[in-house]
Amino acid sequence: MKEVTTEALSWNESINDTNYSMVTEFIFLGLSNSQEFQIFLLVFFFIFYVGIVFGNLLIVITVASDSHLHSPMYFLLANLSLIDLCLSSATAPKMIADFFSKRKVISFKGCLAQIFLVHFFGGSELVILIAMAFDRYVAICKPLRYSTVMCDHVCFGIVTAAWGTGFLHSVSQLAFAVNLPFCGPNEVDSFYCDLPRVIKLACIDTYRLDVMVIANSGVLTVCSFVFLIISYAIILVTIQQRPSDKSSKALSTLTAHITVVLLFFGPCIFIYAWPFPIKSLDKSLAVFYSVVTPLLNPIIYTLRNKDMKTAMRRLSKWNVNSSVKF
């Protein structure tokens, strides 16, 4: 009996040593198996990604170059655009490149890097959106204290806190996955690595880990969303109680902010907080979160913001005049 037990233990240890180190790469199942549809998706996402890069860089360059936009709101907007660009770049280039190959493969380290980057930039964007709501609250509800509260030191502190929070959040998420044993299935039913999908491939019972992911990312996302909705509700009530010539401009700005909040938090809540995921919906929301939203943000802020449109006209005229001189 002892010999059987000893053999069983040694066999299990050898299996652990070999199988857990077998998975060195993951295979993406992608969005579709149809070759024709993949060609359509390639063109579609390539155009979207070019728009993301161009649109968000345009906002960053416009805010940095135009002195009329050197204010806390536009400083935060430029950081939001930079984060959107980085968030999309963590997944979109790999997805576009995979359309050219039949076997969509990513290394184990590459998969962990994607998890880290997605949560790093996602966590940073969450804080920036909260900061933008706070900025509008102070500007509308406490206008006399705005220049004191939203001074340069506070703005830089907020941005530093945003990037720091994103880093801490991504490290906490990566800690869930880095030591997981992967001994067999390595097909990720998506186009990029994310923690909820990768956890399902581990060779252990992942119920507790799923709960921890919901408790971490899910609760953080839901609480932040509720806080933002309450904040914007207070701001809207304040605008109605204090009608002025600037009310329509403030309302337009708030509408853009609320739209961006809904676009960002809607998919996040379903991906990380909803306990009953639907695979087809999950993929669609992942596309929306990583590709569509980063493109819609610059469109929303530029089309609904007169100051941004005016600054972009000045920037284009300056470029034209510079090219004429040369």
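Every residue, even glycine, has its Cβ placed from backbone N, Cα and C.
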With the ranges 153-171, 286-304 to choose from, which does TrEMBL describe as transmembrane segment? 286-304
Model confidence over the domain 'G-protein coupled receptors family 1 profile' (55-301) (mean pLDDT, whole number): 85
